[in-house]
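S.K.: Sharing a structure below in structure tokens format, with a few things to ask.
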Amino acid sequence: MSSATDRLSTATGRIDQSLQPLADVYNRLFGDYFGEMNGLQFVLIFGTAAALLTAPFWGNFGLVRAMTVAAIWAIFAMSWDIQSGYTGYISFGHSVLSGAAGYTTAMLIHNVNPELSMMITIPVSILAALVVGLLVALPSLRLTGPYFSLITFVSVLIFYRLIPSFSQYTGGETGIQSVEVFTYDPFARYYYMIIPMFLIAIVLTLIARSNIGLILMSIRENEAAVNAAGINATKFKIFSFALSSIPMGIGGVLLVHFGGGVDPTTFIVVDRSIEMIAIAVLGGMSSILGPLGGAFFLVVLRDYVLTEIAGFPSPIRWTVFWGLVLVVLVFVRDGLFRKLWHGLDRFGGDRR
């Protein structure tokens, strides 16, 4: 066993050395902003990015559709992670934020003007998500532990119950199904989702590696020490929630224009928030790219591998989904992709 490990280490070390010149160029240009990489990590990041950007050229219809959905879930999971993963304040209410954006888009088109330009509906919908995020954050983030999580959980229940009460505007239980989709071309639609996902990943990574990200992680580790240092922890917690509301709103808008409609069970249920948490946990919380990897791994597994290749019915697919999350929680608490990243450090040389 030891001999096999030594051979693997030697082989990966040689690969890393051959790729290190490329990684060194990246490190000189971008290392201060995104973190340094060794050769193996460089190939993992840029090889994955290249595969995602070229997926319509090598993937079939079912795979591309699953990856399109995965891109939306990656946005949701990364958005949740910048708030809950970094501060340690676990939110069960983030589906409200995407729901606020999705419903705002649908209601503007359905109730105001069906010809209303996306240049108006999209920014207004993202603003709605931000406003709702602040309404949830301002009272809840003054509390800690389970009390915060409980308030975010209740916010989903309140929002869900409000939808039928204003059915003349929201469409009630059936929702609004008259929203224009971006395009019916499945491959073009993929890029409508994947490009915003990459941009959001870049921005959130920059923030996470800045002093703001350091403060958020310090809040998770010892909030009292942060306050004792003269930093207003509550202000930064509210900022992180508001920050996460913006990409959540973008994801909500993308989802409503992807499916052509909105309804409570798609957007405003606790299940959606729990799925975001599961994806972030599987990929690796407080890492931004971990939730992104977790989204593609889980969604493609569930919606393509288990559905189109294996042909499993829905109950089995969801059993595998949650069973895998449970296994990761028990045995790989750092998440699969964080574990992989640190493993590449070990085999290729630690440069972070």
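Each Cβ is built from the backbone N, Cα and C atoms, and glycine gets one as well.
Bear in mind that the values here come from a model prediction, so they are computed numbers and not experimental data.
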S.K.: Can you dig out which of the ranges 67-88, 89-110 TrEMBL describes as transmembrane segment?
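M.R.: Spelled out, TrEMBL records transmembrane segment over residues 89-110, not the other listed ranges.
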S.K.: Between 38-58, 89-110, 190-217, who has the most Cβ pairs under 8 Å to the transmembrane segment (276-300)?
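M.R.: Answer, by Cβ pair count: 190-217.
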S.K.: Is the transmembrane segment (116-138) close to the transmembrane segment (89-110), in the sense of at least 3 CB pairs under 8 angstroms with a sequence gap of 6 or more?
M.R.: yes
S.K.: Taking 38-58, 145-163, 190-217, 238-256, 312-332 as candidates, which has the most Cβ pairs under 8 Å with the transmembrane segment (116-138)?
M.R.: 238-256
